[in-house]
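A.B. asks: Following this message is one structure expressed as structure tokens.
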Amino acid sequence: MDSSTATAMTAPFIDPTDHVNLKTDTDASENRRMGNYKPSIWNYDFLQSLATHHNIVEERHLKLAEKLKGQVKFMFGAPMEPLAKLELVDVVQRLGLNHLFETEIKEALFSIYKDGSNGWWFGHLHATSLRFRLLRQCGLFIPQDVFKTFQNKTGEFDMKLCDNVKGLLSLYEASYLGWKGENILDEAKAFTTKCLKSAWENISEKWLAKRVKHALALPLHWRVPRIEARWFIEAYEQEANMNPTLLKLAKLDFNMVQSIHQKEIGELARWWVTTGLDKLAFARNNLLQSYMWSCAIASDPKFKLARETIVEIGSVLTVVDDGYDVYGSIDELDLYTSSVERWSCVEIDKLPNTLKLIFMSMFNKTNEVGLRVQHERGYNSIPTFIKAWVEQCKSYQKEARWFHGGHTPPLEEYSLNGLVSIGFPLLLITGYVAIAENEAALDKVHPLPDLLHYSSLLSRLINDIGTSPDEMARGDNLKSIHCYMNETGASEEVAREHIKGVIEENWKILNQCCFDQSQFQEPFITFNLNSVRGSHFFYEFGDGFGVTDSWTKVDMKSVLIDPIPLGEE
């Protein structure tokens, strides 16, 4: 055991609020930058109350849900055509019920995959596309060549397909599962996007028009499953061929899972207000946003340890980020970083009180999470956390030096550092620690594997697209858009479009990584995909994470706070 590990395992926990009086903090009189973030719109007394007054699920609803689960299992076992089985799987997944029927879904998809030699889907656009998407999502490779039958001799898609809106929509969604170099899927994406944009206002079926509009705003593959489930439950209710059993179970299950999440939110809110970090005026106070992100990554109730530790580490991480970005001087940040590298509190008395508070909160919470993992999972994860924190803070330190030195790095240099500074290697490693098979498996995340590299790079670039206007106004650190503008002389509009193109290309690489990263168990692959989906949710239309009173508020409230009305039973 090295010295840093020994320190982590034996160091006493320190109450940072015993050592720092935020009201008389000597830092307050100094000329410090401010993040200018608005106060949180979420009432912490209310959030804490969710621990004991959450959405309680009635006993009769639990019994009804069990009955309906049995009926759905019977549906999976009943004889049906392959397309009907695919559509059942699709609806179950989109309703957010896949965590209840993991075995049935896998058996159904493997059966369809094995029976593919007879080509039952051939010439049927919807069937071909749905089969392609669901099997690739499941980790079963289907070649892009299955779509050649819909192209002419020059490789163009037949314009007659534009009349088949349902098939077009399925092909559109399937195209986002493509890999780099799969030109047929690139053509499919461009073709279906153009056709659907020109057709959706004239679609007679309201439910189909609603689905098309929703998909064009953001494809299914890029959406957060838990948020999508809430939207789809309401949309599915309006469909003519809606299955009442699936709909009723989806509503009940959504509320039951939400009840679990609400209890966790309440307990986490109680912890957060004891840290003192919520009182720092320059930093973001975003506990509920952090929980929303953990819920995006791992909403399944069985991932409680992953969710809670991601929120705890993530909430502290946000304040550490703001400390580097807007608060600390270079000398202070160098001392902070060296203390993280030593994983020691010995020299932090040389730091100003506020940075001391942040360091001790980070140190304590990380050691506390490590001890919890030791208790619940049976292995020592603290060395893994220390490595991740060191890389995290060194990336922040580099950005601070760029900022204070007035240096604009090339896009590639910025991106390699930025994929770490975005924080997702640390957060995803936190999630991985909660589900790893054993201590030896923790070595798989150092050095950073491609799966983590590309998911984190995507989150960095998506974040940059959404936050660059606000951060430019604050005079904050550079973003990829500015680096590209400086490197090439491009306008901001051209640079923004370039970064969007880079995002699309890196999604293709990440899609392939999901097949190539066989050293990881499936939940961790999904964690990575979901982390990028969370980035799309928070940053697709601006800074929905830093600005709490934004468009994200409605979805967060519907997913985390408001249960679905069940109506008459």
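The backbone N, Cα and C atoms fix where each Cβ goes, glycine too.
The annotation (2E)-geranyl diphosphate binding site is assigned in Swiss-Prot to Arg284, Asp321, Asp325, Arg460. The Mg(2+) 2 binding site annotation in Swiss-Prot covers Asp321, Asp325 and is backed by similarity to another entry. Annotated Mg(2+) 1 binding site per Swiss-Prot: Asp321, Asp325, in sequence order, evidence recorded as similarity to another entry. The Mg(2+) 3 binding site annotation in Swiss-Prot covers Asn463, Thr467, Glu471. Taken from Swiss-Prot, the feature motif 'DDXXD motif' covers 321-325.
Can you tell me where each of these features sits in this structure?
C.D. replies: Counting only same-chain residues six or more apart in sequence, the Cβ atoms lying under 8 angstroms from the Cβ of Arg460 ((2E)-geranyl diphosphate binding site) belong to Ser415, Gly418, Leu419, Ser421, Ile422, Phe424, Ser480. Secondary structure from DSSP puts Arg460 ((2E)-geranyl diphosphate binding site) in a helix.
In sequence order, Tyr396, Ser421, Gly423 constitute the residues six or more apart from Asp321 ((2E)-geranyl diphosphate binding site) in its chain with CB-CB distances below 8 Å. Asp321 ((2E)-geranyl diphosphate binding site) carries a helical DSSP state (H, G or I).
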A.B. asks: Could you tell me what the rest of the chain brings near the motif 'DDXXD motif' (321-325), counting residues at least six beyond its ends with Cβ under 8 Å?
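C.D. replies: For the motif 'DDXXD motif' (321-325), the sequence-distant neighbours (Cβ-Cβ under 8 Å, at least 6 residues beyond its ends) are 35, 280, 282-284, 333, 336, 354-355, 358, 393, 396-397, 399-400, 421, 423, 476-477.
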A.B. asks: Using all protein chains in view, find how many other C-beta atoms are within 10 Å of the C-beta of Arg284 ((2E)-geranyl diphosphate binding site).
C.D. replies: 23
A.B. asks: Report the largest Cα to Cα distance, in Å and rounded to a whole number, among the residues Arg284, Asp321, Asp325, Arg460 that the record lists as binding (2E)-geranyl diphosphate.
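C.D. replies: Output for (2E)-geranyl diphosphate binders Arg284, Asp321, Asp325, Arg460: max Cα distance 18 Å.
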A.B. asks: How many other Cβ atoms sit within 10 Å of the Cβ of Asn463 (Mg(2+) 3 binding site)?
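C.D. replies: Looking across every protein chain shown, the total is 24.
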A.B. asks: Just jot down the residues in the same chain as Thr467 (Mg(2+) 3 binding site), at least 6 apart in sequence, with C-beta under 8 A of its C-beta; none if empty.
C.D. replies: Lys479, Tyr539, Gly542, Asp543, Gly546
A.B. asks: In whole Å, how far is Asn463 (Mg(2+) 3 binding site) from Asp325 ((2E)-geranyl diphosphate binding site) when you measure between their Cα atoms?
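C.D. replies: Asn463 (Mg(2+) 3 binding site) has its Cα 15 Å from the Cα of Asp325 ((2E)-geranyl diphosphate binding site).
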